[in-house]
Amino acid sequence: MLLALARAKINLALEVRGRRPDGYHEIVTVLQSIELADVLTFAPAEGGLFLEVSGEPVPKANNLVLRAAECLRQATGYRGGAFIRLQKNIPVAAGLGGGSADAAATLVALNRLWRLGCPEEFLERLGAEIGVDIPFCLRGGTALGRGRGDELTSLPSLPALGVLLVKPFYGLATAAVYQEFDLHLHPPRYPAEEVTHWLYKGEWRLAVKSGGNMLEEVVFRRHPELRRLKEELLVAGAFYAGLSGTGPTLFALFPSWEEALDKAPVFAAQGWRVWVTTTARRGIRLFRGENDAATFTG
């Protein structure tokens, strides 16, 4: 049996530079792994692929875990199956890449469980065919994403910062947010370039404070309560707060986990869903179960 931690992501910066011929948008983004993670277990099975889900509600249609498993089988010609359990901790339709993280963990774990020996580059290419955030979730850490967000360059890592996630009780559809974005003119902004510049200089505080998400105005126009929430997070002492992906989750960065934890009750009392976590230096972590113990396998 294998156990995998599938970590969520936030977008420190997100630029939208127009629509591509393939229907996707050309973006430049700085992606960051965080410790909030779904937990998946994998065991060999005869007769196909089986998935059991607990925790956060997940739509059964078009589930990325089963899609990733089936794509890996087809790409390699493997005929065996697997029983997969998913403990869903990352909220759905939240801008945190939870489904992509689960798919990435599935590719890594089944590659190991089925002894396929596929290289990382192969898994990244296969993942990009399933979802644009999957290559980053496979790689993890801090990275610059271009194209659809799947053309990656690893960046210098951030230190372990406290992350306060605050989310309303509704979700947002990625496609709907981008469609709304296309209806309006937007002044050019280049926060991803600034964040990247300062990370290479070793100035992580300046890097983080240079962040920005061009989709915020679209989301805030429809949901002004999120604009007010961002302002309140900054007043609470965060040195950066912003929308992750297409939202609706906002993240606030603090110098430590303890400081983020200290602020969480204020927002929970207002009726928001909150999580406290930290930045992470990798996306997927894999363990092997042996005699009820978990052994890290790389």
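Each Cβ is built from the backbone N, Cα and C atoms, and glycine gets one as well.
TrEMBL lists LYS9 (among others) with the feature active site. The Cβ of LYS9 (active site) lies under 8 Å from the Cβ of LEU31, GLN32, SER33, ILE34, LEU96, GLY97, SER100, ALA101, ASP133, PHE136, CYS137, SER244, GLY245, GLY283, each on the same chain and at least six residues away in sequence.
The domain 'GHMP kinase N-terminal' annotation in TrEMBL covers 63-141.
According to TrEMBL, the ATP binding site annotation covers PRO91, VAL92, ALA93, ALA94, GLY95, LEU96, GLY97, GLY98, GLY99, SER100, ALA101. Cβ contacts within 10 Å of GLY99 (ATP binding site), excluding its own Cβ and spanning all protein chains shown: 27.
ASP133 (active site) falls outside any helix or strand according to DSSP and counts as coil. The active site annotation in TrEMBL covers ASP133 (among others).
According to TrEMBL, the feature domain 'GHMP kinase C-terminal' maps to 209-256.
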- Task: Could you say whether, by DSSP, GLY99 (ATP binding site) belongs to a helix, a strand or a coil region?
- Result: helix
- Query: Between PRO91, GLY97, which of the binding-site residues has the fewest other CB atoms within 10 angstroms in the structure shown?
  - Reply: PRO91
- Cβ-centroid neighbours of ATP site PRO91, VAL92, ALA93, ALA94, GLY95, LEU96, GLY97, GLY98, GLY99, SER100, ALA101, 8 Å, sequence order: ALA8, ILE90
